[in-house]
Amino acid sequence: MNGERIYFFDTTLRDGEQTPGVSLQTPEKVEIAQNLAKLGIDVIEAGFPAASPGDFEAVKTIAEQVTGATICGLARCNTEDIQQVAHALQGAKRSRLHTFIATSDIHLEYKLKMTKEACLDRVKECLAFAAGKFDEIEFSAEDASRTDLDFLCRVFEVAIEGGATVLNVPDTVGYMTPIEFGNIITYIKDHVKGIEKAIISVHCHDDLGLANANTLAAIEAGARQVECTVNGLGERAGNVSVEEVTMALITRKDCYGDFKIPIDTKQLTRVSKIVAKLTGVAVAPNKAIVGANAFAHESGIHQHGVLSHPGTYEIMTPESVGAGETNIVLGKHSGRHAFEEHVSQLGFTLGEEKINMLFTKFKELADRKKHIYDEDVMALVMDTLDYQKAITVVHHHYHSNESGYAYADIRLHTPTGLSEDAAVGDGPVDASLKAVERAIGIPVSLKDYHIRALTAGKDALGEAIVKVEHEGVLYHGRGVSTDIITSSVNAYINAVNSIYLTKELEEGAH
Ligand code: KIV
Ligand code: ZN
């Protein structure tokens with residue numbers, strides 16, 4: 001066990017994107033994938049190409065542009081899906097197919113309406129079709145943890161015979177307890193013929209808050225690949241988070257064994273922040289490892305203890321996960337070189353042209369704001385992740401009086417030309433968003449809105465996050481400005497641009 005490798009498979013861009021309300025555009029996915037590779041992730045599941053044209057495009061772009069990790073695409077166990085993954089991964093330096101089929105009685109009977117024999121035949125056919133098209137093949141038995149164990153072993157044997165070298169055991173509905181899940185892994189190790197040729201992988205959902213405990217129990221029993229997401233994003237209650245499983249394995253190596261872990265832990269906080277910003281899903285302050293309070297000590301007794309010896313109340317150092325003090329990085333006298341240096345320290349690799357554009361924006365911001373913090377620089381970079389913007393603001397004006405009454409008017413550039421409208425509301429945000437709603441020309445309803453200051457101080461940037469609904473689908477948008485009304489309008493327009501882009505990609509596919 002000591003010195004053995006644990007492989008990290010990240011599914012933030014696939015299972016993580018299945019978090020309700022999360023819809024990422026290709027440039028945002030590429031940015032996340034680049035950061036996952038820097039973090040040390042072995043395999044990046046870039047998406048599910050057959051799910052939508054947008055997913056196909058994102059997987060293809062990541063395969064072409066992101067190096068340093070194996071790029072993986074998800075496919076149901078059918079030849080059409082597998083072919084789509086093969087097309088999307090053509091540009092990858094190293095490619096992995098991840099194909100899955102449900103194996104539990106309840107899924108076979110009610111979802112797939114398939115017998116166990118038909119399921120085995122399907123796995124055999126699909127793996128034969130996939131052979132030679134990818135560098136690696138991973139097979140998942142969806143709902144494995146509720147599958148009859150002997151049948152699960154038979155399915156895995158067929159998968160190994162078909163060329164799969166990674167066998168994934170998903171706890172799809174997060175139903176397992178650690179002891180049960182560990183026993184399943186032991187059973188598979190003891191009963192699947194040829195298992196020594198494969199890596200056992202686990203994919204734990206957090207419906208009972210047991211994803212991390214189950215993952216660790218599986219590792220103790222012999223699993224060597226962990227499927228995880230940044231910040232624990234994912235379907236329903238999410239997946240096990242990369243930060244929790246990594247730090248548990250490292251902090252308690254006395255208990256789990258001294259495994260080789262590829263993750264550069266000092267980058268965990270930074271990557272968490274990037275993912276939170278781009279997905280619009282904020283990290284709870286009390287979240288383990290990356291929450292704002294993870295290293296905060298409130299009570300006098302704790303503060304006294306930590307000052308005397310950090311080990312009294314800290315089981316790992318904030319520095320080990322990159323959670324330093326928010327530092328003042330730059331001011332209005334900072335030069336282009338210092339700015340570029342900081343952008344690269346924050347983990348972004350931007351070309352000359354983008355740096356020049358950002359530097360101009362940075363100078364404008366520095367005129368309005370005395371201290372520029374890491375968070376401010378990150379916000380500037382996020383705003384330049386340019387994808388096609390169907391709608392842009394030409395003009396926005398508002399005024400309000402003391403009684404709360406407000407008026408706003410807006411002029412937008414839309415795909416059908418200039419559009420303008422005005423509205424009154426309870427306060428300038430309400431009036432402005434109503435004016436936008438009227439001017440955009442497609443039916444959209446606001447489902448969630450919140451705003452927060454990115455850093456301390458009266459001149460802090462305000463970040464607005466909105467969720468809007470269009471034809472039953474949720475889209476999120478983000479906007480940042482020193483003026484919170486402008487942030488709110490930008491966030492709304494950003495969400496509407498996501499709708500346009502998704503529709504455009506869908507239409508392009510027909
Ligand atoms: O939860 C699950 O079963 C999945 C599979 C596709 C691996 O996400
Ligand atoms: Zn899942």
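Just so you know, the numbers here start at 1 and follow the chain as drawn.
Positions of Cβ are set from backbone N, Cα and C atoms, glycine also.
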- Per TrEMBL, which one of Asn35, Asn183, Asn231, Asn239 shares the Mn(2+) site with Asp15, His203, His205? Asn239
- Query: Taking the Cβ of Asn239 (Mn(2+) binding site) as the centre, how many other Cβ atoms fall within a 10 Å radius?
  - Reply: 33
- Query: Within 10 Å of the Cβ of Asp15 (Mn(2+) binding site), how many other Cβ atoms are there?
  - Reply: 23
